[in-house]
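These come from Swiss-Prot:
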- Pro32: O-linked glycosylation site (CARBOHYD)
- Pro34: O-linked glycosylation site (CARBOHYD)
- Pro36: O-linked glycosylation site (CARBOHYD)
- Ser38: GPI-anchor amidated serine (LIPID)
- Gln28: pyrrolidone carboxylic acid (MOD_RES)
- Pro32: 4-hydroxyproline (MOD_RES)
- Pro34: 4-hydroxyproline (MOD_RES)
- Pro36: 4-hydroxyproline (MOD_RES)
- 1-27: signal peptide (SIGNAL)
Amino acid sequence: MSGSRLFFGVSTIVSIIFAILLPMAHAQSAAPAPAPTSDGTTIDQGIAYVLMLVALVLTYLIH
């Protein structure tokens, strides 16, 4: 009886240790977020340049 009790105690302790350590061994660090390729100010500036060019062409054609 003592041998099976000892085996049960050792196997319980080993299984608890594995249950704690194995998930930590497989964990991966989070990858950093990629840098934004374009933000809103770049798009707004592009639209502003196009509108200024249209206004310049219209002013040239009207006069």
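Numbers here mean position along the shown chain, with the first residue as 1.
Cβ atoms here come from the backbone N, Cα and C positions, even for glycine.
Feature map: Swiss-Prot annotations on the structure.
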residue: Gln28; record: pyrrolidone carboxylic acid; Cβ contacts under 8 Å, 6 or more apart: none
residue: Pro32; record: O-linked glycosylation site; Cβ contacts under 8 Å, 6 or more apart: none
residue: Pro34; record: O-linked glycosylation site; Cβ contacts under 8 Å, 6 or more apart: none
residue: Pro36; record: O-linked glycosylation site; Cβ contacts under 8 Å, 6 or more apart: none
residue: Ser38; record: GPI-anchor amidated serine; Cβ contacts under 8 Å, 6 or more apart: none
Same-chain residues at least 6 beyond the ends of the signal peptide (1-27) whose Cβ lies under 8 Å from its Cβ atoms: none
Three-state secondary structure, the residue listed as 'pyrrolidone carboxylic acid' (per DSSP): coil
